[in-house]
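Q: Positions annotated as domain 'YjeF N-terminal' by TrEMBL: 11-188. Look at TrEMBL and you will find 190-450 tagged as domain 'YjeF C-terminal'. Summarising the annotation, TrEMBL assigns (6S)-NADPHX binding site to Ala225, Gly281, His331, Asp398. Residues annotated as AMP binding site in TrEMBL: Lys368, Gly369, Ala370, Gly371, Ser372, Gly397.
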Amino acid sequence: MHLLLPTTATLPLFDVAASRRIEARALTHSPDLMARAGLAVAKLSLALRRGDGPVWIACGPGNNGGDGRVAAQRLTEAGVPVHVGHNAPRRPSLVIDALLGLGLNRTPSTEMQLIFAAMAACGAPVLSVDLPSGLLADTGLPAGGHAVRADHTLALLTLKPGLLTGEGRAHCGHLWFDDLGIAPDEAPSAELLGTTRRPARGATSHKGSHGQVLVVGGAPGMQGAARLAARAALACGAGRVYLDLLNLPADQAADPGRPELMRGTLAALPRAVGVLGCGGGAAVAAALPDLLRQLSRAVIDADALNAIATDAGLQQALRARPDSATVLTPHPLEAARLLGCETASLQADRLAAARELARRFACTVVLKGAGSVIASPSERTAVCGSGGPALATAGSGDVLAGWLGGLWAQQPGASAHAIACAGVDAHGRAGEVDGVLRAGDLIERLAAAR
Ligand SMILES: NC(=O)C1=CN([C@@H]2O[C@H](COP(=O)(O)OP(=O)(O)OC[C@H]3O[C@@H](n4cnc5c(N)ncnc54)[C@H](O)[C@@H]3O)[C@@H](O)[C@H]2O)[C@@H](O)CC1
């Protein structure tokens, strides 16, 4: 058993159907899985308990409740007072939520919701077994809007995608994992991103060795977004970074605060990696046909995505680009516009939405938001476990787009998917701070990390 995050290793994720198959096969040679699960819950409970009060164990009707009952036995044997039931005891030292796990198949009843509320109100830390009760394991959506908010969750046997995306992170608290001694014997449904090191810089390299980035955006009044993207590309190590600031006279500086950045245009830089749309406004739409046709690698963000969402010709141009040549970086609203659906229905299944976007537009998609999802037509979908609320700040998306452009400039042979995975994880890690983070400081943190 170990605390899962942060992880440097890429880890397999299994949806409910796959977890059920793995469990069924494992039970044929290891029939004591529930005993192992209950023991793991009891061990973690001993470490998390606050004070001498009883451990309140709320057990449901299925095997999740069975795990809770085994934990009760183990804790009793260890001399710990336990209270098994649906009402809170006086001053519990810990709550074990063993109501619902993988078998959740409907909105928690009013009765169940009252137990969730009692857990939240009793003042003790809450440890959820396998999943916070009410949380859908495949999507991270609380069923009917109701799920336990745990302080800790101990995932058992497999890691499920819903622990890490959607509302999962908000409901899981600290995420622990115990594989119960079983090695999964089938291909993962998705994967949790590990860490990729930044490209090494050769001893004899020069700025020409590290590629070019062309940021196209920054319509009047919105230059900040494009400049943040360009600064991020530069901080990432791109050899030369140019800004095509839409409708800004060519004799004006690219970025007075960052003299390393230059003005540039597609005509002069056809081999650059394009970072398109940051602060693009309506003006970027007119530039997109040429950009989509000529750039061999492009990261497409913000207003460029909005332009594509409303223009069938641009959608066709996007689909016509070569394989692995494009990364789209929509936030949920932009993604919903691209799919022509409501944001809420998109958020209800983020992995499915990202996969559908990747299929429809034949490119790599980074669906941003808590637990960013990276999907590509022929790659395993990845979920990002790093990041946090400090990234919910103006400009952090521009920084991501620029960072991806900077990484790709230095690794021209890398696939769009590999670049997206490496950049999203680095961006998430750099954003793991308490409180507020300004986008400019995020760039500095990205640059300082290795
Ligand atoms: N079988 C085993 O040996 C193992 C089981 N494990 C545990 O077993 C769990 C899965 O067990 P189950 O398949 O029995 O499923 P659950 O225990 O998650 O729940 C199934 C039961 O809950 C009811 N239910 C579903 N949604 C409900 C709702 N909204 N309100 C009220 N009742 C609801 C179902 O009718 C069914 O009776 C895992 O999450 C994990 O905790 C793991 O420990 C691995 C080992």
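The chain as shown is numbered from 1 upward.
Placed from the backbone N, Cα and C atoms, the Cβ positions cover glycine too.
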Q: Measure from the CA atom of Ala225 ((6S)-NADPHX binding site) to the CA atom of Gly371 (AMP binding site) and give the result in Å, rounded to a whole number.
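A: Spelling it out, the Cα of Gly371 (AMP binding site) and the Cα of Ala225 ((6S)-NADPHX binding site) are 23 Å apart.
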Q: Let me know the DSSP-derived helix, strand or coil state of His331 ((6S)-NADPHX binding site), please.
A: coil
Q: Around the AMP site formed by Lys368, Gly369, Ala370, Gly371, Ser372, Gly397, which additional residues qualify by having Cβ within 8 Å of the site's Cβ center?
A: His331, Pro332, Leu367, Val373, Cys384, Gly387, Leu391
Q: Averaged over the domain 'YjeF C-terminal' (190-450), what pLDDT does the prediction give?
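A: A mean pLDDT of 96 is what the predicted model shows over the domain 'YjeF C-terminal' (190-450).
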Q: Using all protein chains in view, find how many other C-beta atoms are within 10 Å of the C-beta of Asp398 ((6S)-NADPHX binding site).
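A: Summing over all protein chains shown, Asp398 ((6S)-NADPHX binding site) has 31 other Cβ atoms within 10 Å.
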Q: As a test of the contact definition, list every same-chain residue at least 6 positions from Lys368 (AMP binding site) whose Cβ is closer than 8 Å to its Cβ.
A: Thr329, Pro330, His331, Pro332, Gly397, Leu400
Q: Give me the largest Cα to Cα distance among Lys368, Gly369, Ala370, Gly371, Ser372, Gly397, the residues the record lists as binding AMP, in Å as a whole number.
A: 14
Q: I'd like to confirm something. Which of the binding-site residues, Gly369, Ala370, Ser372, has a Cα closest to the Cα of Ala225 ((6S)-NADPHX binding site)?
A: Gly369
Q: Near Asp398 ((6S)-NADPHX binding site), meaning Cα within 10 Å, which of Gly369, Ala370, Ser372 (binding-site residues)?
A: none
